[in-house]
Structure formats: C-alpha cells, structure tokens
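The structure appears right after this line, and notes come after that.
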Amino acid sequence: MLSVDFIRTNKLKVLETLKNKNRQADIEGIFEYDDKRREIIAKVQALREERNKIARQPFTDDTKARGKEIKEELKTIEEELRLVEEKLNTLLSFVPNVPLDEVPVGKDEKDNVVQRKWGEPRTFDFKIKSHIDLGTSLGIIDFERGTKVSGFRGYFLKNEGALLHLGLLMYVLQKLTKKGYTPLIAPAIIKKFTLFGSGHLPWGERELYKLNDVDDDAYLTATAEIPVTAYYSNEIIDEKDLPKKFVAFSPCFRSEAGSYGKDTKGMYRLHEFWKIEQVILNSNNIDEARTIHEELQKNAEEILQELGLPYQVLLMCTGDMGEPQLKKYDTETWMPSRNGYGETMSNSIMGDFQTRRLNIKFRKKTGEKEYCFSFNNTAVASPRILIALLENFQEKDGSITIPKILQPFVGFSVIKSKGE
RNA sequence: GGAGAGUUGGCAGAGUGGCCCAAUGCGUGGGAUUGCUAAUCCCAUGAGCCGCAAGGCUCGCACAGGUUCAAAUCCUGUACUCUCCGCCA
C-alpha cells in the first residue's frame with residue numbers, strides 16, 4: 001500500500017510503474033475519493049465536536065433537541081464516510097510499489113539480469129539420473145504412494161530422504177541463529193489480514209488454500225514471510241531495537257491453480273513443502289535497506305556454497321517482480337536434469353508497502369513515528385533443494401554423497417545404492 | 001464441545017451514565033543538579049489530524065454492533081485469557 005500523499009507527489013513515477021510492472025490501477029479515482037474523504041472527515045469531526053461540547057454542558061431540553069439532530073446527521077454522514085473509505089482502500093490496494101532506480105525495466109523473465117555465477121556445473125562421465133529416478137531407486141522418495149494418499153503433486157519422503165529434509169532445515173536454522181537471527185516457528189494457519197498485509201491479497205487469492213469449512217477467516221500460509229511480517233502488526237518498535245531479524249520455519253501450502261501443466265513431475269512444484277525464511281524489519285533508511293538486502297543475499301549464497309551447489313543470482317526486472325517489491329534478487333541453483341538453473345531463493349526489499357498495510361511503525365529518538373521497511377529472503381526450501389542436492393552429488397553407482405556440512409545434521413555421509 | 005470468571009495505556013492499577021478530553025504509581029525518553037555512580041528535581045510519554053506558530057480538534061478502555069441528548073460505565077454478539085469437565089498430539 002502506498003500513501004495517497006506519495007501517489008500525489010510521485011504521480012508520474014507511479015504511472016510509469018504501472019506500465020513497467022504491467023499492472024492496472026485507477027489513480028485519478030484515488031485522488032477523487034481521497035478529496036471526498038477529506039471533505040467528509042471535516043464535516044464528521046465538526047459534528048462530533050459539537051456533540052461533545054453539548055454533552056459536557058448542563059442538560060436542557062434545547063441541548064437534547066440539538067443532540068438528537070446531530071445524532072441523525074452523523075448517522076448518515078458516517079455511513080457515507082465508511083463507503084468512501086472502503087472504495088478508496090480498494091483502489092489503493094491495487095497500486096504496486098515503485099521500484100528503486102537500479103532495477104532494470106523489462107517485460108518478463110527474459111529481461112532479468114544475471115549478477116554473478118558461483119561454482120562450475122559438474123560434468124558427468126556417466127548417464128545422469130533425475131532426482132525422480134534417484135529418489136525412487138534409493139527408496140527415499142515415494143511419488144506413487146504420495147499421489148495415492150495426497151493427490152496430484154503428493155509425495156512421501158522416506159528413509160534418508162526424510163532425514164535429509166529435516167537435517168537441511170536444522171542446519172540452516174542453526175547457521176542463521178548463530179548470526180544473530182531470532183529463530184521462530186510460525187503458524188501455518190493464518191488470518192486474512194496477514195495475507196492482505198504481505199501483499200499476497202488482493203492479487204494471489206487463487207494460489208491460497210482457504211479453510212472455509214472450518215473458519216472463514218483461516219488460510220494455510222504460502223510462506224513464513226506472511227505470519228512473520230505480521231508478527232509486529234499494529235505495533236510501534238523503538239528505533240534502537242531495530243533491525244529485527246528472524247529466521248523462521250513454516251510449512252508452506254500452494255494450490256498452484258493456473259499452473260496445472262507446469263513441472264508436473266518431481267519435486268519442483270509441490271502443493272506442500274517446508275521452508276526456512278529470513279525476515280527483517282528495519283527503519284525506512286534506504287541505504288540501510290540496500291545493505292540489509294545484500295546481507296540476506298549473502299546468507300543465502302553462503303548456504304549454497306557450503307553445500308557446494310552451483311548457482312546464479314538474478315536481478316529481477318520490473319515486469320517479473322511482484323507488486324510490493326522495491327528490488328528483488330532470485331537465486332537459482334544448478335539442477336542437472338533440467339540442464340539449467342532453477343529458482344531456489346527469492347530476496348526482496350518490500351519498503352513500507354507491507355508495513356503500511358500491517359500498521360508497523362518505528363519510533364525515532366525524537367518521538368516521531370514512521371513506517372518500517374520489511375525484507376525477506378528464502379534460507380532454504382525443501383524438498384525443492386533436494387533436486388539439486390541429489391542430482392549434483394549422484395555417483396555412477398546411483399549413490400549420493402552428502403555434503404560435509406550436512407553430515408552432522410543427518411547422521412550419514414552417503415546414501416548407498418540399494419544394489420542394482 | 002460444555003460450565004464459570006475475566007480483558008482499562010509499555011507495566012501495575014483507579015474509575016459502575018454527565019465533574020473522564022482516563023487519576024496515580026512504575027517504567028521509558030529528554031533536561032537540571034552532579035568528581036563518578038546513586039539519589040533528587042523539572043518536562044514529556046495512547047493513536048491520529050489541522051496549523052508557519054501560538055494553539056486546536058477527532059478517535060481511544062479486547063473487537064464489532066446497539067441503547068442514550070450523553071457510554072470505559074448499560075445491552076447484544078464475537079475474539080482472546082484463566083479455572084474446571086470432555087476430547088485429543
């Protein structure tokens with residue numbers, strides 16, 4: 001959410017953003033409804049003022065009569081205000097955030113800019129297997145029974161697969177905790193306001209699982225970003241307590257409506273996965289924002305480096321970033337069976353877009369209050385990362401070598417082939 | 001799921017229709033005093049809006065409605081917390 005003031009003073013930039021991010025919003029309508037709103041508020045406040053004055057005076061028949069009038073007038077005018085505000089907020093909620101200057105203008109993913117690559121994709125001297133074949137033959141992933149029990153995109157992780165999944169998450173949770181991030185286990189059942197707050201609504205409704213039959217204000221979260229960003233909703237944080245850094249676990253649920261045909265096999269696109277997410281709240285200082293963004297990026301890259309997985313980092317163009325983002329990096333990890341890089345992490349500066357919706361402010365030393373900036377980046381998402389892990393570290397005999405860093409967390413150094 | 005008791009500012013806590021535009025204390029921030037520390041004293045400290053300023057206004061007592069000329073206070077619903085019963089990991 002942007003403020004009307006911001007949109008007024010930066011109208012050209014906002015219109016340009018609509019074009020660059022390929023979105024639509026009724027800017028003139030916003031101005032119109034905002035004018036109406038101001039006008040009505042003035043009236044409402046004047047009437048309330050009179051009412052309050054009368055109520056503090058000695059009670060007479062005259063005051064009673066005037067009081068009754070005011071009551072009636074307020075009733076209609078407050079209803080009018082409610083409708084205007086509702087309309088204004090709806091219009092406002094569709095205005096995307098304005099990207100930073102260094103973000104490339106572009107139409108779609110083809111216009112993203114590779115920032116750097118790390119690691120050489122391994123060349124194999126044998127015919128490689130996909131994670132699907134590896135997982136099945138090693139007895140560590142069971143897709144058939146997964147879909148039997150859970151449905152399309154269902155899976156079981158089994159034996160070393162199960163241990164690897166949890167070990168990875170624990171490794172990352174511990175690593176970032178040591179860096180001073182607060183570990184957090186976030187709720188997966190969340191209220192609607194958190195989704196609106198994060199910017200997943202009003203745009204992404206189709207992506208979400210809704211628990212209508214149980215509770216009409218209950219959804220399954222798509223990422224820990226949503227509950228964790230809302231953690232401080234309606235709160236004011238002392239500037240000296242910033243930044244707030246979290247490393248948060250949650251299961252993630254995605255209906256993937258609209259992508260039925262995509263990535264239908266394997267562990268790339270799933271309805272259900274587990275993820276450790278980095279979430280930071282800070283002041284609205286833009287230089288600090290860039291620094292924090294790089295810190296989040298460095299954490300993610302360190303993880304991939306320690307795992308020994310080749311990756312590339314992309315600076316996302318305007319057309320391929322979401323509504324709330326000021327700037328976004330995607331980190332893509334090498335996946336041999338795709339013969340290419342696949343997205344495994346996504347790192348965003350959200351500015352005050354989310355914090356306005358969630359009403360999260362910070363108090364400066366001077367006592368002034370302003371909206372915080374929010375940030376988030378994946379730390380690790382599994383099973384997707386298992387694709388890279390299994391495929392990159394497979395051996396000729398079908399076994400998998402486990403990266404050193406993970407061994408203490410999983411309790412083995414190799415997943416042995418069950419014999420061929 | 002059932003029965004009962006609660007919910008006032010960062011915290012404690014007063015207020016049971018109009019003198020509440022929420023007392024007081026603690027905490028916090030700023031200042032004075034001060035070899036250092038402590039203590040003491042002064043100012044500020046719910047949210048927001050208007051104004052260059054002086055100053056003014058609105059909202060706010062879990063949330064949402066309602067009654068009333070007037071609501072923290074009365075009524076209804078909801079959420080949450082606590083105690084007990086049931087169920088459950």
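For all residues, glycine too, the Cβ spot is worked out from N, Cα and C.
Please treat TrEMBL annotations as automatic predictions, because they have not gone through curation.
The coiled coil annotation in TrEMBL covers A:37-87. Here TrEMBL flags A:168-403 as domain 'Aminoacyl-transfer RNA synthetases class-II family profile'. Taken from TrEMBL, the feature L-serine binding site covers A:THR223, A:ARG254, A:GLU277, A:ASN376. For A:ARG254, A:SER255, A:GLU256, A:GLU343, A:THR344, A:MET345, A:SER346, the entry in TrEMBL reads ATP binding site. Sequence annotations record features per position, and here TrEMBL assigns site 'Important for serine binding' to A:THR378.
Known features from TrEMBL, placed on the structure.
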{"residue": "A:THR223", "record": "L-serine binding site", "DSSP class": "coil"}
{"residue": "A:ARG254", "record": "L-serine binding site", "DSSP class": "coil"}
{"residue": "A:GLU343", "record": "ATP binding site", "DSSP class": "strand"}
{"residue": "A:ASN376", "record": "L-serine binding site", "DSSP class": "strand"}
Cα-proximity to A:ASN376 (L-serine binding site), 10 Å cut-off, over binding-site residues A:SER255, A:GLU256, A:GLU343, A:THR344, A:SER346: A:SER346
Cα proximity to A:GLU256 (ATP binding site), best match among recorded positions A:THR223, A:GLU277, A:THR378: A:THR223
A:THR223, A:ARG254, A:GLU277, A:THR378 screened against A:THR344 (ATP binding site), Cα within 10 Å - retained recorded positions: A:THR378
Diameter of the L-serine binding set by C-alpha atoms, the set being A:THR223, A:ARG254, A:GLU277, A:ASN376, in angstrom: 18
Packing count at A:THR223 (L-serine binding site) (other Cβ atoms within 10 Å of its Cβ): 25
Cα-nearest neighbour of A:SER255 (ATP binding site) within the listed recorded positions, A:THR223, A:GLU277, A:THR378: A:THR223
Rounded Cα-Cα span from A:THR378 (site 'Important for serine binding') to A:GLU343 (ATP binding site), Å: 11
Model confidence over the domain 'Aminoacyl-transfer RNA synthetases class-II family profile' (A:168-403), averaged pLDDT: 90
Where A:GLU277 (L-serine binding site) sits in the secondary structure, as DSSP reduces it to three classes: strand
CB within-chain contacts under 8 A for A:ARG254 (L-serine binding site), separation at least 6: A:GLU207, A:LEU208, A:TYR209, A:ALA222, A:LEU270, A:HIS271, A:GLU272
Per-residue Cβ crowding (10 Å cut-off), top of binding-site residues A:GLU256, A:GLU277, A:GLU343: A:GLU277
Neighbouring C-beta atoms (10 Å sphere around the C-beta of A:ASN376 (L-serine binding site)): 26
Recorded positions listed as A:SER255, A:THR344, A:THR378, least Cβ neighbours within 10 Å: A:SER255
